[in-house]
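Beneath this line is the structure, given in structure tokens, with notes to follow.
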Amino acid sequence: MGDGGVNAVGEGVNQSHMLFDRFVQATTCKGTLKAFQELCDFLELKPNEYRVFYHKLKSKLNYWKAKALWAKLDKRASHKEYKKGRACANTKCLIIGAGPCGLRTAIELGFLGAKVVLLEKRDAFSRNNVLHLWPFTIQDLRGLGAKKFYGKFCAGAIDHISIRQLQLMLLKVALLLGIEIHVNVEFKGLIEPPEDQENERIGWRAEVHPRTHPVNELEFDVIIGADGRRNTLSGFRRKEFRGKLAIAITANFINRNTTAEAKVEEISGVAFIFNQKFFQDLREATGIDLENIVYYKDDTHYFVMTAKKQSLLEKGVILHDYADTEMLLSRANVDQKALLSYAREAADFSTNHQLPKLDFAINHYGQPDVAMFDFTCMYASENAALVRQRNGHKLLVALVGDSLLEPFWPMGTGIARGFLAAMDSAWMVRSWAHGSSPLEVLAERESIYRLLPQTTPENVSKNFSQYSVDPTTRYPNISLHQVRPNQVRHLLDTGETRDLRVDLENVVNSSTPKLTRNESIVRSSKLLNWCQRQTEGYRGVSVSDLTTSWKSGLALCALIHRYRPDLIDFESLDEKDVEKNNQLAFDVAEREFGISPIMTGKEMSVVVEPDKLSMVMYLSQFYEMFKDTVPPGENQNLSPEEKAALIASTKSPISFLSKLGQSIAISRKRNPKDKKEKELDGLGKRRKTSQAGQSEDEELQRANRDDRPSIATALAERKIDSAAAANNNNKVKSMATQLLAKFEENAPTQSTGLKRQGSFRKEFPQNIGGSDVCFFCRKRVYVMERLSAEGKFFHRSCFKCDYCGTTLRLSSYAFDVEDGKFYCKPHYCYRLSGVAQRKRPAPAAAPANAKEPQVLAVSPNTVDAPGQAITTQTPAERRPSETEVNGVTEPSVAKRLKGTPERIELENYRLSMMREEELEEVPEETLAEHNLSSVLDKATDIEEGSSSSESDMEEEDEDAEAAGPSDLGGVPWKEAVELHAKLKGESDPGADDDGLHDGDGEMDEDEEEEEDEEDEDEEEEEESSEEPCEEDDDPEAEAGSPDFEPGTEIDQEDIPSDAEAEARSRCIDEVVTLPVDNDKTESQGQVFNTAEKTSANPRELIVDVVLSPIQKPALPIEEVHEVSPVVLVKSPGARFFPEPYLPDKVKQNIPPPQSPDVKTPHSPVAQIIALSPICSQPVPQPGTASPKSPVQPQPCACSPTGNPLSPICTQSQPCNEPPSPLSTSSPVRTQPVPAVTSTPLAKPASENRTNEHLKDSTPELKKTDLIEEFWLKSAEIRKSLGLTPLERSKTAVEKSIVKTPTPESSSPKSYTPEDLSEEQKPTFTGRSIIRRINITLEGQVISPVEPKSNGSEKKDLSSSSGLGLNGSVTTSQTAASDSYNNSDSTMLTPPSSPPPPPPREEPACLQNKKSQVSWDNLLEGTEEPKSETMPIKPRTPVSPPQPKQKPVTAPVPTPRTNPPVVMRVKEPNKPRREEVRKSFVECVDEIPFADDVEDTYDDRTPDASGLEKFYTPPTSKVNRDKPPLHLALAMENGKPNIPGVSRTAKGSQHFSPEAKEIAEERMRAREKSVKSQALKDAMAKQLTKMKDSEVAKGAVAKVAWDIPETKGKSKKQSKAQKDSAVKALESKKQADTLPDRFFSTPSSKALDSSVTSSESSTGGKSKKRSSLFSPRKNKKEKKAKNERLSSTEETPPKHKSLWKAVFSGYKKDKKKKDDKSCPSTPSSSTTGDSGKKKDSPLDRSSDLRLRRNLSFSEDSDLSCDDVLERSSQKSKGDSVYVPHALAFKRSYATKKTYTEEELNAKLTRRVQKAARRQAKQEELKRLHRAQMIQRQLEQVEEKQRQLEERGVAVEKALRGEADYWGESNYSEILDLHLGGMGKKDDPKLMQEWFKLVQEKNALVRYESELMIFARELELEDRQSRLQQELRERMAIDDHLKTEEELAEEKQILNEMLEVVEQRDSLVALLEEQRLREKEEDKDLEAVMLSKGFNLNWA
């Protein structure tokens, strides 16, 4: 074919490369096909030459990007099974459907060398629904080059992808392999080979539409159905797995990829299954009642929820309650608007109102992408393949995907099993091509298919890299010959009579499962004989029948006594006391064996003869239980061992569960599991319930006992739950509750209704007593459907919670003896609340009850309306359950045969839409344009869509976008597209300005892969903010370009404020004030412009903007936005003008924000708190106004105050100030700071700035306000996050404020305490400002005027911030004593923003090291630094108080105070300033912490714990000793490492062995982060206790600091440690310039390292660590800078570096680009560092040396991971390729920057990520297991309902109740036995009855086992959550805790121990049962399988 056009090498080659890129990047189906066609045309290739196409393409396309893809595909194609593409060389395959499974099958067949033709009826991929991916699926797709096509593919912890993206990816691979793909072609049917084969041998062909299509002429050997339909290919019988009514709603919202959105936690597969409280809150708040909800962030925000019918009716989504599901969910019966608002409300609530704008994406009809469908029934094909043979031609027919096996979508089973089936089918085609006989091929395929429904992520082979088409590589214990060829004869269709049967059965499923198991008691004679043998020899017992012989009760007692003589004293029984004897037997059987009674003793004594059917049911359970047990013989003197064995063998899991439940219930708010369990059993065996008499009383008492405690527990738990819920950590009990609630819920209400319908008790036979009347509805209860609990008998569907109307399960309910009512466990505590409390629930309950009658009433309609067409369906298909309510066949059956629920829904949608209006399909491009506009706008270049390079810019972008696209929600799509184009235009420029955006995005993507899920969410946002920082970070960038001026950098560093902004946004979202939105929009516009103007500061601008909108009303936001941009611009300018004036302005700007914030807090603070912490802070509108004036005054003060420094400040702020909005902008900034989750840290930063400003002017009040606001906001945020520490934080804040005044006074020195306190408030607000100032300062290192004190202040503030982040670190930062104080403050800060604490802690440690360095300098300079009030020099002496404050501060948000301490004028030297800068960096670190908070959040539920930890450790330890300061600092640095260890130890102490590992890891991480010595000590002890491994770690830590294991004593602990720390400090002191840095580096780094490692352990921490690292470096840099005050510019870069380091480190964690950023961050710190290093190589060497030490110690503490991470980070940082100038600067800075700190941070991050990922995986596994159990329970329930229906039919026939006829779907059963009418003992009917009883018993047992598994899972989940909470609590020193807290800790520990105990006993019980019933289980499994009860299909 020649090279044709390619000969013009240059152009041709480039053209081909461009075409290839276009193909790879195509985002639509049509676009992909078009690009591929162009590429082939250009290269002169013909895809239909499938055998050589791929090889020719490869040879002609010599392009490096393509080669990477070829390498992937070649590796896959090299599998030996493919035989180099010749395995199926002559096979022609037709695949119907281009869904993921069809494409995947095509790819496998392509590799095998077959000719593959794929038909797709549409030409657009429009399904945004998101699929959860199992690990092997991810690996499989990566192996096909997924990341080459879709860079964001499963980056970091992401494990999901939209169907659309997956289809595009696979489509491209298929095209490259030469697979023919035809779109707009619909398969109509198969054309058999003609009979006349002599003239022309024509094989099987397909009939397709359009008829002229060439595919009509092709012949095929294999046809595979992959279109998701059930009847495209005939001959496949279906099994139906019916759960209770399940209505799913899916919704896709536009994802604008803003930082705010990125921060919102995903809700994984079944995360909320365990969080019952969340669903209750949702219901009470909105009236929406869900079973579960899943949220994935992808191209869209994808939500899928299972809604309860009742709530859909109440909310008006469903208009009329029809029994038939299809009618129920038909378009005519659904109010579309109500559905949209329902979905939006649920999505909004479940994400804590943090998604800024929920605008629906559009589907391919241009309608909002919301769908509601019924997945009550899941279908599976009974066989996977068949062979059709006609006229000498064989055709292999197979199914894959949903057609084969419908998935349980929340668990990702669809795509995972779909891919497995695709490979299995390819393997079958391979065998077919190899000439195996059709029966052998089919037998092997069916053997493999039997495994498919059971596959889970856990039981597939773990060696994913070895997966191939060969099934043995994928299924661990597979037998390819399980099914024998003669068993699949029916699958070989030769065209004879069999077809008819196959097709018929396709429609009608046999309704009665066949029993394969030995029909043990099918004959009553067998049961009778067994009973006679067992009761032989007992006095007064003569069993001759199954009725009268049992009336006295002696026979029952004898039966029990035979096996358990210890339970009944048979000799004492009186034959005449019939009632007592029977009641005793019933009670004992229920209590000990879990066999529910079928009546009461009283009833038994009254009836003439017991009911035979009931007795058969009851006695058969004894038979099932004891038939394989050998009775204990005549000798009753059993040895204890024998007795134990006997008891074990006769112990029922249910009875055990019930007992266990009791204790557990008490500890948890769960209910007495006792009853539950029994009931559970009872559930299975409806009739078995507790007897009325004693057993009932006992049970009641027990219930009361359980329940009361359970109430108390419930209350206690409620607290935990809220925290947990906030953190998405659901408690086990929640899990159990929810599980149970779900299990119970909506149970088959319909069915009952139906049953009851006909069963109104006309006249009960004489022998029927109270047990035949339903306790709830007073109607007749038949034996088979009887359930009993607490001595009451009822229908399953009548068993509802009295409060909420949820259907209960016997295994999980609560009973109130006093009012005789039943409750679900979650609502038991409401039972006394009465109607008053009912509010929402009541309606639900009523409806629940009303439901039945309603259903009944409706049923006729249903029958009439839907019935006609559908009635034709066979009974089997209708299923009683389906039809139950009406008794009419379900109309939906016909349709159901065709497609999956979603598909049917879509079809319905289309039909109805076409009727309503002419609907044109929207082109895929338009869809993408609308739905993915934000992605396209912002991140076209960056696949990730999170451009780290322009975090500010991006935020701006996003906000603007939010303003624009967000409005698209209601806009018609065409307008939307236009709008989008405009918006795109707007945002793009900004993005362009931020050159980094692109590169960063890429990097982010890579790094994301490494990042944790937690990081991920935040990562995107952080990335944005971080990237700019990174730019700034690079010293080169900073120094080199005005844009990146230090000041600017710092401003951008405000980006940390990005995180804040995000947090704020979140808060704002929560607050959700329209003004904010409007403002956002307006300000966004401004911001955009600004951003465009200053690409360097885009991030900052954006952050401010975002924050501002979030924080406050439109005006403030607008102002803020404006200011921000100005500031950014100025920043660069600031560098230019470092004159005092500029500094003043800068300061002014900063203070104004503070001041506005402050002011705002005064008035708005309360509001803010109410609204949301974040919102509040930004909200202060009044503040904004006020701040303006204060700002101006401040500038005046500032100008004089900070000459060099002020210039720095000015740098960024002078420009800002110029515009009137400047002040506004500063408030905005301030707001951003508070917004930061790690608000506390940010606040300190603000404080520093504020202090400076305050000194300059009187913005102190504002500061105070700001601080207050900040605290309030942070508290609010915390609250919203579910962090308990909020309140504490608040308290801390107040106290902190008190102390802060000192720092503040430092800044205004003359301020009074009140002023100070006010200042403090502003400090909070000021934090963001401080950040700016610090940045500027660092950048210029000039603010000597306010300078030293200001610089110090700044340092302190930042330190304080840092402390907030990591108390210890911050402490370290300030002067020796100061640093102690700082620690205190820091600790306080953490309380203020609990989520960030853990990360903070680490950063704190890191910072501490830096601080130490700083401190040394400070100490040298002045010992004053100790004074808590950094701002006031006099206060400097206050340092001693600082130590005090430390403790005090710890509780209070002293962070501000600490910052003041840091501010000590002592540091007045430039070094001091440098320190300030560091502190600022730390502040920045803190800011990132906001994001971190999220991480932390994820990491550990209790934010409060983290905060508390911070409080204590840092404060008390470091602050105390001034001289020891160095030592203390060093120790603290070491300590963080050690704390990790000790913490670990502590954790292990409390945890069970299982939890030990995780606990240890977490402990370690925490330790590192822990600031306080006490805490550390405790942790150290804990760790040592915890494990030997921990000891090793501790040793390492010791090595690092030469500290003994006792961390708590870290100061004393090891003199070596102290020495090292001291030395480091001294070093710092020695060389304020270089040494300072050097020391700072060593101690700082060591600390950093330890912090890092701890951070890596904890997700959140890792991010912070990164920040911390940079801050340390920054501090060093700062010192160096201070030393060389003259090099202001360098200082600013350093400052920037610090800030960036903080931010970029944070982001880095998140993304690879971020990784670069990280290096940048390090470079940031190093940048400052770098600059310093440049200035003084000495610094660098010392840094390195220090680093070495540090890394060692860190390693010890952090463990090798840190070192590894460090090195990897280093290499990563060095090697990171960023294509932009900024990137270059960044990389340059990175190289320099990549100090051990940075590396450590990175390593830590990585370690943390790994740990977080591990924890998340464990949680996901639990969730998946819970989901499966839930699904199985639902199926069991459905099966039971069907059994009950049949049982009722049989019972009625046996009793001769003729009204039976009209009601049952089982008339066929009775038709068989018409002759038996009225004959009680009709043998056939009795036989049927026995069968049913046996099946029911099997189900009951199965169900009880499931409940035990659920219970075990619940306990496991509970334990892990308790461990987490405990770990967090223990991170705080005991002396910092109140008595109550200590008591709570003890309580948690006790509860955990109890849980562990219960788990052990459960596990033991299960194990015993396993062994004992191994054989029996095989039987049971066989029975279940034979009945189609395979419960693993879900």
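Here the Cβ of each residue, glycine as well, is placed from N, Cα and C on the backbone.
Listed in Swiss-Prot:
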type: BINDING; residues: 101-129, Asp402; note: FAD binding site
type: COILED; residues: 1796-1855; note: coiled coil
type: COILED; residues: 1894-1960; note: coiled coil
type: COMPBIAS; residues: 917-926; note: compositional bias 'Acidic residues'
type: COMPBIAS; residues: 951-961; note: compositional bias 'Acidic residues'
type: COMPBIAS; residues: 1001-1037; note: compositional bias 'Acidic residues'
type: COMPBIAS; residues: 1046-1060; note: compositional bias 'Acidic residues'
type: COMPBIAS; residues: 1200-1215; note: compositional bias 'Polar residues'
type: COMPBIAS; residues: 1299-1314; note: compositional bias 'Low complexity'
type: COMPBIAS; residues: 1358-1368; note: compositional bias 'Low complexity'
type: COMPBIAS; residues: 1369-1389; note: compositional bias 'Polar residues'
type: COMPBIAS; residues: 1437-1458; note: compositional bias 'Pro residues'
type: COMPBIAS; residues: 1649-1660; note: compositional bias 'Low complexity'
type: COMPBIAS; residues: 1661-1679; note: compositional bias 'Basic residues'
type: COMPBIAS; residues: 1718-1729; note: compositional bias 'Low complexity'
type: DOMAIN; residues: 521-627; note: domain 'Calponin-homology (CH)'
type: DOMAIN; residues: 772-834; note: domain 'LIM zinc-binding'
type: DOMAIN; residues: 1816-1982; note: domain 'bMERB'
type: REGION; residues: 666-708; note: region 'Disordered'
type: REGION; residues: 843-900; note: region 'Disordered'
type: REGION; residues: 917-1064; note: region 'Disordered'
type: REGION; residues: 1176-1263; note: region 'Disordered'
type: REGION; residues: 1281-1476; note: region 'Disordered'
type: REGION; residues: 1493-1555; note: region 'Disordered'
type: REGION; residues: 1598-1747; note: region 'Disordered'
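Within the model, the coiled coil (1894-1960) shows a mean pLDDT value of 83, rounded to a whole number. In terms of DSSP helix, strand and coil, the domain 'LIM zinc-binding' (772-834) has 12 helix, 18 strand, 33 coil. Sequence-distant contacts (6 or more apart, same chain, Cβ under 8 Å) of Val117 (FAD binding site) comprise Lys92, Cys93, Leu94, Ile95, Ile179, Glu180, His182, Val215, Leu218, Phe220.
For Phe125 (FAD binding site), the Cβ neighbour count at a 10 Å cut-off comes to 26, with all displayed protein chains included. Other C-beta atoms found within 10 angstroms of the C-beta of Thr105 (FAD binding site) number 32, with every protein chain shown included. Under the DSSP three-state reduction, Val117 (FAD binding site) is assigned to strand. Counting only same-chain residues six or more apart in sequence, the Cβ atoms lying under 8 angstroms from the Cβ of Lys121 (FAD binding site) belong to Gly97, Val183, Asn184, Val185, Glu186, Phe187, Asp227. Around Leu109 (FAD binding site), the same-chain residues six or more apart in sequence whose CB sits under 8 Å from its CB are Cys88, Thr91, Cys93, Ile95, Val116, Ile179, Ala426, Val429, listed in sequence order. Here the binding-site residues are Cys101, Gly113, Asn129, and the one with the most other Cβ atoms within 10 Å of its Cβ is Cys101.
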